[in-house]
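**Student:** Quick one: the structure is below, questions incoming.
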Amino acid sequence: MMSEIKTNLLDLDRDAMRAFFVELGEKPFRADQIMKWIYHFGCDDFDQMNNVNKVLRERLKAIAEIRAPEVSREQRSSDGTIKWALQVGGQEVETVYIPEEDRATLCVSSQVGCALACKFCSTAQQGFNRNLKVSEIIGQVWRAAKIVGGKRPITNVVMMGMGEPLLNLANVIPAMRLMMDDFGYGISKRRVTISTSGVVPALDILGDQIDVALAISLHAPNDKLRSEIMPINDKYNIEDFLAGVRRYLAKSNANGGRVTVEYVLLDHINDDMQHAHELAKVLKDTPSKINLIPFNPFPGNPYGKPSNSRIDRFSKVLMEYGFTVIVRKTRGDDIDAACGQLVGEVIDRTKRTMKNRMQQDGISVKMV
């Protein structure tokens with residue numbers, strides 16, 4: 001006889017958790033109690049919850065569990081960055097912890113692999129398998145907080161790990177609610193950031209359901225170049241994307257009225273001075289601060305990192321237009337934890353890895 005599948009309480013945001021306990025015949029406040037144990041104390045053992053009566057504890061042990069992804073590998077960088085490979089149903093996703101003097105940021109994955117095939121991203125070359133569940137997203141935060149320890153182990157969360165978060169809103173939104181909930185991690189909405197490559201319809205849905213900080217992966221100042229390095233641009237071009245961003249900003253209080261624009265600098269591809277002028281002009285109607293990200297190379301990729309002088313010139317052009325510009329300091333590159341380097345272990349349903357390998361070997365995909 002098969003045992004009944006237990007409910008993983010990490011899959012439930014506060015509303016769902018309260019509904020779960022009401023269905024058990026309990027008062028809604030029980031949900032708040034349990035959430036505090038899970039998220040404030042990092043507890044995954046019902047027996048340790050000493051303000052919950054024994055009858056309820058025994059019942060919970062029979063029908064529920066608190067199960068976060070387990071760490072399969074840990075790497076520590078010389079700069080303090082930590083990268084974990086976490087097991088999610090026979091595959092792996094990567095999560096990165098970035099400590100600084102005044103904050104501690106966790107970079108969280110939303111999918112196993114990624115469906116979008118951006119040319120400069122290591123994750124994209126692995127193809128795509130599936131969306132992560134709520135428990136597998138908030139579970140990354142839970143696991144990291146438990147390992148790091150301390151009173152406020154994580155102050156900021158960025159949904160910038162593996163995957164396109166807006167293609168998994170059904171799970172990403174409840175997970176972000178838990179990050180911000182006072183009975184969860186209590187992180188300010190200004191310190192929870194979602195990043196997107198431009199899934200415009202989902203951006204409109206996001207703005208109707210939750211308010212968090214927004215970052216956009218732009219990476220090119222015109223449609224021709226952007227389509228070459230980011231195929232999603234063929235579906236949602238720059239004009240449509242930025243219009244969607246402005247609609248989101250009109251609904252949001254978490255962004256201070258402007259979006260963070262991420263722009264990876266690829267040597268002699270998108271980093272010429274004309275590109276900087278183009279970028280300033282294309283963003284003139286969209287209040288922005290710009291993060292310039294020098295490319296982080298990975299094996300098998302044709303792109304290079306620009307020289308410091310090219311990066312500096314590009315940055316100065318944008319500042320002359322009045323933009324706030326930050327050149328992102330590369331963190332964790334000695335353990336492949338920098339932007340665009342996350343890989344994990346993906347069973348590729350899109351067969352992208354195989355196609356890329358065949359093309360490199362001069363084999364036609366159509367022949368196969």
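Yeah, the Cβs are placed from backbone N, Cα and C, and that goes for glycine too.
Quick paste from Swiss-Prot:
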- GLU94: active site, proton acceptor (ACT_SITE)
- CYS339: active site, S-methylcysteine intermediate (ACT_SITE)
- CYS114, CYS118, CYS121: [4Fe-4S] cluster binding site (BINDING)
- CYS107-CYS339: disulfide bond (DISULFID)
- 100-334: domain 'Radical SAM core' (DOMAIN)
**Student:** Count the other Cβ atoms sitting within 10 Å of the Cβ of CYS121 ([4Fe-4S] cluster binding site), across every protein chain shown.
**Tutor:** 26
**Student:** Would you mind checking how many other C-beta atoms are within 10 angstroms of the C-beta on GLU94 (active site, proton acceptor)?
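**Tutor:** Step by step: centre on the Cβ of GLU94 (active site, proton acceptor), count other Cβ atoms within 10 Å, giving 24.
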**Student:** Cα of CYS121 ([4Fe-4S] cluster binding site) to Cα of CYS107 (disulfide bond): how many Å, rounded?
**Tutor:** 15
**Student:** Measuring Cα to Cα, tell me the gap between CYS118 ([4Fe-4S] cluster binding site) and GLU94 (active site, proton acceptor) in whole angstrom.
**Tutor:** 18
**Student:** Relative to the Cβ position of CYS118 ([4Fe-4S] cluster binding site), how many further Cβ atoms are located within 10 Å?
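**Tutor:** Here the count is 22.
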**Student:** Counting every protein chain present, what is the number of Cβ atoms, excluding its own, within 10 Å of the Cβ of CYS114 ([4Fe-4S] cluster binding site)?
**Tutor:** 28
**Student:** For CYS107 (disulfide bond), list the number of other Cβ atoms lying within 10 Å of its Cβ atom.
**Tutor:** 27
**Student:** Can you give me the average pLDDT across the domain 'Radical SAM core' (100-334), rounded to a whole number?
**Tutor:** 95
**Student:** Quick check for the class: what is the C-alpha distance, in angstrom and rounded, between CYS114 ([4Fe-4S] cluster binding site) and CYS107 (disulfide bond)?
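**Tutor:** Rounded to the nearest whole number, the Cα-Cα distance is 15 Å.
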**Student:** Distance between GLU94 (active site, proton acceptor) and CYS107 (disulfide bond) at the Cα atoms, whole Å?
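**Tutor:** GLU94 (active site, proton acceptor) and CYS107 (disulfide bond) have their Cα atoms 9 Å apart.
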